[in-house]
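Colleague: Copying in the features that TrEMBL gives for the protein in this structure:
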DOMAIN    B:2-122  domain 'Response regulatory'
DOMAIN    B:144-214  domain 'HTH luxR-type'
MOD_RES   B:D52  4-aspartylphosphate
Amino acid sequence: MSDTEHRQRDRERDGGRHHGARIRAAMRAAGQGAVLSVLSLVVSLFLFIVAVVSIALATVGIGLYTTPWVLGLVRAHAAHRRRLARDWYGVAIRSGYPPEQPARAGLAGNPVRTLDLLRSPATWRDLEWLLLDATAGFCLAVLPLGLLADGLFGILLAVGLWEPISDATGSYWYAFVPVDSQATANLAALLGLLWIGLALRFGPTLVRTHFTTTRLLLGISVKQALTRRVEHLTETRHDALDTSAAELRRIERDLHDGAQARLVAMGMNLGTVEALIARDPEQARKLVAELRENSAETLNELRDLVRGIHPPVLAERGLGDAVRALALRLPMPVETEVSLPGRFAAPVESAAYFAAGEALTNAAKHSGAQRIWLEAGYRAGDRMLRITVTDDGRGGADPRGGTGLAGIERRLGAFDGILAVSSPAGGPTVVTMEIPCDPAG
Amino acid sequence: MRVVLAEDLFLLRDGLVRLLRAHGFEIAAAVESGPELAEALTRLRPDVAVVDVRLPPSFSDEGLQVALRARRERPGLPVLVLSQHVEQLYARELLADGSGGVGYLLKDRVFDAEQFVDAVRRVAGGGTAMDPQVIQQLLARHTGGSPLERLTPRELEVLELMAQGRSNAAIAARLVVTERAIAKHTSNIFTKLGLPPSDDDNRRVLAVLAYLGRR
């Protein structure tokens, strides 16, 4: 076989593969469209009606209790659609719900939640989307399958189906073609072929369009996202500045009242020793011993202060060994599992270290735990440094109750890090800290 | 006795040189960085090395790492590590090879020249010198159902001093009792903790430290 023949065959095979891919894509789009049309016409419409009724009933009271539940379903439905958009067509739809306000748990908190939800623009946009989804969204979704089915029907008419149908109904309209003879039936078949052609050509595009219109209402715009980001940055920057200013004040006070005062006292005593050394050597020796004790205490104080500013192990060994050393300092066994790819930027290491320290101290002091587990790891995939502290204590830790956990949250916030606490009554308590970052060097 | 000293701060290095000379040590070398220390340890083969944990050029735990490496090459090379802070983590690493001849002390311990010099001699002789803070941290971890709770307060005191690396004679002097009384305490301690009795001071200390570090 010559080269030309080879190439010829390749081209034919390519062409065949191309057609095959197109048909498969159209069939897939038809299937996806079928799923979406049920979701949009049945589920969205149903949820829209229920939500509107529930909100209307809020004026007479019942709605105040049902609305959070109904809107929860709406959000779940919307989240499902976002997921489909991403999984099927890679259309990213950012959800833009405001962070949940802490509210009383249980049924009693529901009226408060309802009012919060009704004030949120995101709620109203969800409802608009339900309506759009049940109309335009449904049309876009149903077309890929509808065109294929209707086109097939047109061809069947030409094959012979036209006779019994026109016999039964007198005149039958296929789109704009009155089918009453083989000739008009052939015309219908031609039109059917056109429908099928359209479905093959535009099926996936239609489903994609369904998702992009969904994004119009369900997603937040780049501008909105940026606005949120700026708000978040402003807030965390203020927090970070406040925290570091408070830290500096604390260090200043500690030095002023501690080491500085002690050194002054030691200087004075040295003067006394100088005066006494000839006259009363015994008394002078006593003072010198006292001075030595004092200087040791000063060092201890400075050591604690240094540990609070930047722990020496952290400087010498990095985060992994620093949290190991931290675990060894606790008066109970702590199982540590550390797998980190090396060092991180100093501020990140410091924030993570103090966060882990606070979590460990809390577990040791307040939980009544017998055992504590600490895990520190880094996932390169999403650039996430994660530290988990678990204890088998009594649980019930409230991240908003103590200042400690709130402090960690602020500290991590400056690095876009987050703190999650799971602490059901009876335990166990799991504190998870995550900071997005890259290993340094 | 020949000493190699590694300390990057001039004032402290100078002070240590003077102190050790005053107590009859010969300073083979007084260096100020990790690489210099490594070189001096292989070239001069001192009787004991006194090393600051943090050394240039990296200002990480370079001194400790150099010392550990030197001990791998020459097992039992006596090393006394000094630091501004003590960490159990470092103490464990120093003790890990189980061959003794290690010390780990806060720099403040130099204030008490007699005790410090005693610690250097002990380490040079293959013994150990662990900082009281390390031992206290180790003891603090043994709470709730530990066999340590069966020890009398006096025995705990003896255990603490023994874990620091002191001999029976030194403990007896410290607690102002006879050496025989201390020997009785130590044998009680060993029975209560289920450790094999040993007449060898150094091996005894290592066994106690291993026991304390177990949890």
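If you go along the chain as it appears here, the first residue is 1 and each next one adds 1.
Every residue gets a Cβ built from N, Cα and C, even glycine.
Bear in mind that TrEMBL entries carry predicted annotations, made automatically and left uncurated.
Neighbours and distances for these, please.
Modeller: Secondary structure at B:D52 (4-aspartylphosphate), as computed by DSSP, is strand.
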Colleague: Would you mind checking how many other C-beta atoms are within 10 angstroms of the C-beta on B:D52 (4-aspartylphosphate)?
Modeller: 23
Colleague: Taking helix as H, G and I and strand as E and B in DSSP, count the residues of the domain 'Response regulatory' (B:2-122) in helix, strand and coil.
Modeller: 59 helix, 26 strand, 36 coil
